[in-house]
Amino acid sequence: MNDFGCMKKKKLILICICLWVFTFILFSPSIQFGFIEFDDMTVLLDNPGLYNEHSFLSSLEEILYNYFPREEPLILRDITWAFDSYVFGFKNPVGYHLGNVILNSFNTVLLFVFLLLTSSRFYFSLITAVSFAVIPIHVEPVCWVMGRKDLLVSFFMLTALICQTLYISSQDAQKKRLFYLVTLLCTAAALLSKINALSFFIVLALHQILYPFLNGSREPGDSFDFNHIIKKILPGFIPHLLISLYIYFWYKGIITSWGVLGSRGPSALAPEHIKTLVLFIPLVIGLYVKLLFLPFQYSIFYHWPNTGIPLQTFHIVISVLISLAIVFMTAFTFYKRKDLLFYILAFIILMIPYFNIIYIGIWAANRYIYFSSFCIIAVSADLIIAFASKHKEYLKKSVFIIWLIFIIFNIYQTLVYQKVWQDNHSLWTYENNLKDASVFSYWLLAKSFTISAAEKHQVPELKMQLFQQAETVINKGLKKYESMGIIKNNYSSYETVHYSNLWHLYGIVSKERNDSLDIQLKYFKKSFEILETWVNASMIAKTYYRLALSQSFDKEKHAENSIIFFEKSINSFEHGSIHDYKKWLNILNQYKRNFPFLKEKIEKIEKGIYNRLKNQS
């Protein structure tokens, strides 16, 4: 039966409004949340010129023309942040959180509309949309300011799917052209919101190919008309492909110039990496399914699966079983249930950019599955409805009650998990109390204690107490890493980065407590030994500098070590600004005044800085 045809327009609008309000209320507590010490500072708050609270036009000029290269040139995401900054104030988190909650509410409504237009099945569409609205795995992208790109890209992808549905079903040539144009624009907008929409044009093509099966005009077991697909459908997606490739290579060029895309592991076609992908991708999919239906132990940073931790035999067995299950479901739906084939293939295609084909290092994250989660929910909803429809009335009621319990439980879990995100300390305390806490969580919890201690400079006892808490957490984090059995291989490891950060933070705590310079130096050198970064080199240079000023008997040795590490720090700093160059030259002038015997070395470094400045100009 065509449920969609039975619905009146006013009722549909009322349902959409109720869905929007329900989703908004569910996530409204997050509007009062603060910023998080994980990208909020570096990506957003370190760029007041990009998101100018005094002039929206100035922000647009920076976003569209001036501020290149930069770490994340996501133009539409940046424009929405600039608007939030202009209306609410740059450092006011309310605007950013409110924007996220509004977008998430619209996404729930758009999902309902898309499913209803595509399937003409009211209850299926409503069950899927309501389930999508309440699952706590969405808390991360909604309650975290950085989740804006995930919400925005989903908004444009859903809009594109709706417009394509209208394009397919419309008989008016002018309207068809308009809807087709909007799908093109939304494809581009999605990519300018988050580059991981790169594979979305394939989902659009898949949707048009499978549309007759989705809306019931063809039986799920009917065969494909490949001649029609190749000649009539696929050519229409060539513009989508070209737009996607153009934006991708534009984006890649910018972040490569910025230095984000370095070598983090084997190439995509390396046998070692192909083996890793074959084993890891099924495990990641299994993890996502588990998190969707067993909403416990959520984390902002899942450190397993991990290329630095060898898989056990039972992990490999599980990976093979999940792979076989995916192959079976895909084959079965291909031959028997083409209406469900869209959701299975769409999920896999949408997740391809997150599968580390080009190795990045983060295998799983709640935000990655924000949009594609609807595919798993839709398949589950269809199977539940099919089961209920074939049984007696009491079983139908039982199924409905079970679903209602699922919704209520997920609402509760969503509200509970939201509280974790209210501020920096709450998040990292929660993360640190997980059964398998990451090294990352130890570092950032210790860092939050260190930041709090710095703010309590007028209360020495409280300050020292906070430093002691930071040291305790650091030591636990160091033991955690050392117990993980991380092995060295051709892949870079975030755990090793965080291990280095813990030693660096140990040095900071030691410095703030006025421990001896030798002790401070020991921690900073340990951090540098693990990971040679400009920050670590800079702290070693500063410590040697202070040693040279305080110890006359080893003055020359310490000064030479200081200038060596200073040079390493600026050479590791790839994107120096004019301000940075001036700062470095001023530091070199201090070296000249205090250590004239370093004149030759200083002049060499100065020459290098002037050459960099000249090349940048």
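We count from 1, first residue shown onward.
From the backbone N, Cα and C atoms, a Cβ is placed for every residue, glycine too.
Quick caveat, the model's predicted, so the values are computed rather than measured.
Some features that TrEMBL has for this protein:
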{"type": "TRANSMEM", "residues": "12-36", "note": "transmembrane segment"}
{"type": "TRANSMEM", "residues": "94-117", "note": "transmembrane segment"}
{"type": "TRANSMEM", "residues": "122-139", "note": "transmembrane segment"}
{"type": "TRANSMEM", "residues": "151-168", "note": "transmembrane segment"}
{"type": "TRANSMEM", "residues": "180-213", "note": "transmembrane segment"}
{"type": "TRANSMEM", "residues": "233-251", "note": "transmembrane segment"}
{"type": "TRANSMEM", "residues": "277-301", "note": "transmembrane segment"}
{"type": "TRANSMEM", "residues": "313-335", "note": "transmembrane segment"}
{"type": "TRANSMEM", "residues": "340-362", "note": "transmembrane segment"}
{"type": "TRANSMEM", "residues": "368-388", "note": "transmembrane segment"}
{"type": "TRANSMEM", "residues": "400-417", "note": "transmembrane segment"}
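Within the same chain, residues 221, 278-280, 282-283, 285-286, 305, 341, 344-345, 348 sit at least 6 positions outside the transmembrane segment (313-335) and bring their C-beta atoms closer than 8 Å to a C-beta of that stretch. Between the transmembrane segment (340-362) and the stretches 12-36, 122-139, 180-213, the greatest number of Cβ pairs separated by less than 8 Å involves 180-213. For the transmembrane segment (12-36), the neighbouring stretch richest in Cβ pairs under 8 Å, chosen from 122-139, 233-251, 277-301, 368-388, is 122-139. Within its own chain, the transmembrane segment (94-117) is flanked in space by residues 4, 12, 15-16, 19-21, 23-24, 27-28, 30-33, 44, 80-81, 83-85, 87-88, 124-126, 128-129, 132-133, 138, 141-145, 147-148, 151-152, 154-155, 158-159, 161-162, 165-166, 169, 371, 374, 378, which lie at least six positions past its ends and keep a Cβ under 8 Å from the stretch. Highest Cβ pair count under 8 Å relative to the transmembrane segment (151-168), across stretches 122-139, 180-213, 233-251: 180-213.
Tertiary proximity for the transmembrane segment (368-388) is limited to same-chain residues at least six positions away from its ends with a CB under 8 Å from its CB atoms, namely 107, 111, 115, 123-124, 127-128, 131-132, 135, 137-138, 141, 147, 150-151, 153-154, 157-158, 196, 288-289, 291-292, 339-340, 343-344, 346-347, 350-351, 354, 395-396, 399-400, 403. Counting C-beta pairs under 8 angstroms (sequence separation of 6 or more), the transmembrane segment (122-139) reaches the transmembrane segment (277-301) with 3 or more such pairs.
Within the chain, the transmembrane segment (277-301) has long-range Cβ neighbours (under 8 A, six or more residues past its boundaries) at 38, 135-137, 139-140, 144, 307, 311, 315-316, 318-320, 322-323, 326, 351, 355-357, 362-366, 369, 373, 376-377, 410, 413, 417, 427, 431, 434-436, 438, 440-441, 494.
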